[in-house]
Amino acid sequence: MARNLVGFLVLVLAISICEAASIFQPISESHRSAALELFTPTDGSFGSLEETYEALRTFGILGIQKKPHIGTGSCQSVSETLGSSSSTTKDLFFALKVNSILECKIDEAIFQEITSRLKAVVNDGNSLLDFYYSISSLALIKDQNSKVDVLLGDADGIFRSIKALSQSDGRWRYSSSNPESSTYAAGLALEALAGVMSLASSEIDHSLIDTLKNDIVKLFDSIEKYDDGSFYFDEKLVDAREHHGPLSTTSAVIRGLTAFASLTSGTITLSGNKILGLAKFFLGIGIPGNSKDFFNQIDSLACLESNRISVPLILSLPATVLSLTKKDQLKVKVNTVLGSSAPPLTVKLMQAFISGSKDSSVIESQELGFDPENAVHILDVLPKSVDVGNYIFVFEIVLHDSVDKKIYTTGGQTQVPLFVTGVVKIDNAEIAVLDSDLGSIETQKKIDLAGETSVSLSANHLQKLRLSFQLTTPRGKFFKPHQVFLKLRHETEVEHIFVVGNSGKQFEIILDFLGLVEKFFYLSGRYDIQLTVGDAVMENSILRAVGHVELDLPEAPEKAPRPPARPVDPYSRYGPKAEITHIFRAPEKRPPKELSLAFLGLTLLPFVGFFIGLLRIGVNLKNFPTLAVPATFAILFHLGIAAVILLYVLFWLKWDLFTTLKTLGFLGAFLMFVGHRTLSHLASTSAKLKST
């Protein structure tokens, strides 16, 4: 039963997650906390200027004040990169990006030199990346130093050179020699063309700009959509050197689109729903796990926040679960993607219907009140027609000012899943034992399922057990939960689970023990009764022991099924074993201390006799070698003999036999070597004396 309950809760959680996927929340404090964790410098600096720019840009957009101090080291890196003749256009681009935020002190001469190099790359450029990095860098220099001439003399020709890489479907090629087109490259191209427009010394042909607007519309015709209303671009390039996923591809397109829209006059005919869908895509991914994706998310949302086409407004609910018992209010917030306040507007609740049944509408067109202090739209009291259950609420945002309607996009009606919960009332709960033949009640007891209850019953195989009760919602209507189970558990831990059905407005189950004797394996004895009533919208779900019943069942026939073996507790199989306590044998009785000392004295007598014998005989040291090398070997030989004697003492006092023999092996080899050298010297000396 516990496993079934866990499965039910997992199912409810999965449903909640799937439903919550269509609820989009603007950027919040959780993103600011994640930014400080993802962008962590090492020794006061990041790995590259690209990472430095992404961190600084993210901190700036999110308004993070307590950011890591990276200014000094980054400015030094910017100066070195801009002053180096070996720096690539990409290196210069990100160095200028960082400098646009930190405003490092760069000499005007360096800007002049870089400008000359970049203009040469633009004039000789033959790939999209060359144009992108060089033109974007010139645009950055224009903003950082007004004294440097960065204007393009042949802006119209450069515009045409970049436009020549475009394709009929709105995508772009990286170079004329590469036939493959890319959606990611389209974003880079739009950003580069926006840079050309900002650097043009003369007006660019309007027909080229109009053609580019049509290319953007074609590009958006290939946009893809999720079921939750979010839109995104995916990279269709097959043989690319570097594949870009939907997040980076969509981010590149948004940067290029907003950059181009900010510099062109007139309008770009794009659906507001698609712009809102792009915002939903970036908000729907939550908080990315790496810094690159996080930067793309935040930077793209910042571009959407201030774009000239249409600024998306996000409708969100602080709480998607409302309690009828607690009289919760329906609250709705409308903000921009970065959480800024929305212009004056009204939120209307157009419709609310039970999930999965659009025809059963419970609310029709209600206007929500506005709380200016908390900037939320509120429906004070849910109508009587709204009971516990899973609903879909349909909202519509109406802007007050006609000018705001041209600036912002609301996406029309927004559907939001909502759970309405409450305490379900349990009435007329009874449990009874019935006679099988007549159906008369032998024992009947009231039970309190909302409180503590414990009944004691007894029955035999010719009787029945009946359990009945009623469930009522806070609105007084019949309530049918997702799961209603009755469990009987024998004292041998054999469990039997039954589904409790409903007839009309009453839940009832009747167990005929005569037909269940085989299912019960003819096991007589005590059965604990447990009732489970569970639902996602039921605040007082039940998992409660009702009592027990003593069953008297007949003896099992010879071929009757046997009860299953008890499940093995994994903790008993793989858990820690019981500690093994070993009892050692009691030590033998030792002899008296005096006897041991006497025996020690007897063992030392031969050693004493040895020294006495040496004194009696007279030790002769005349033959002891006098030369240095033989004398050294002779001394080592005698020291080895002394070491062997010391070894015997250690064996007697402390060491075991194996340690002693191992050490004796090394000493024996040593004694053989030095003894052989000593005896060889004595033998040669003796031979010389005899020959003379």
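Every residue gets a Cβ built from N, Cα and C, even glycine.
Positions annotated as domain 'Ribophorin II N-terminal' by TrEMBL: 27-305. Residues annotated as domain 'Ribophorin II second' in TrEMBL: 313-420. TrEMBL lists 428-551 with the feature domain 'Ribophorin II third'. According to TrEMBL, the feature domain 'Ribophorin II C-terminal' maps to 584-684. What TrEMBL lists as signal peptide is 1-20. The transmembrane segment annotation in TrEMBL covers 595-615, 627-651, 657-674.
If one looks beyond the transmembrane segment (595-615) by at least 6 residues along the same chain, no residue has a Cβ coming under 8 Å of a Cβ in the stretch. Residue counts for the domain 'Ribophorin II second' (313-420) under DSSP, split into helix (H, G, I), strand (E, B) and coil, are 6 helix, 60 strand, 42 coil. Computed over the domain 'Ribophorin II second' (313-420), the whole-number mean pLDDT of the model equals 93. Secondary structure of the domain 'Ribophorin II third' (428-551) per DSSP (helix as H, G, I; strand as E, B; remaining residues coil): 4 helix, 75 strand, 45 coil. According to DSSP, the secondary structure content of the domain 'Ribophorin II C-terminal' (584-684) in residues is 79 helix, 0 strand, 22 coil.
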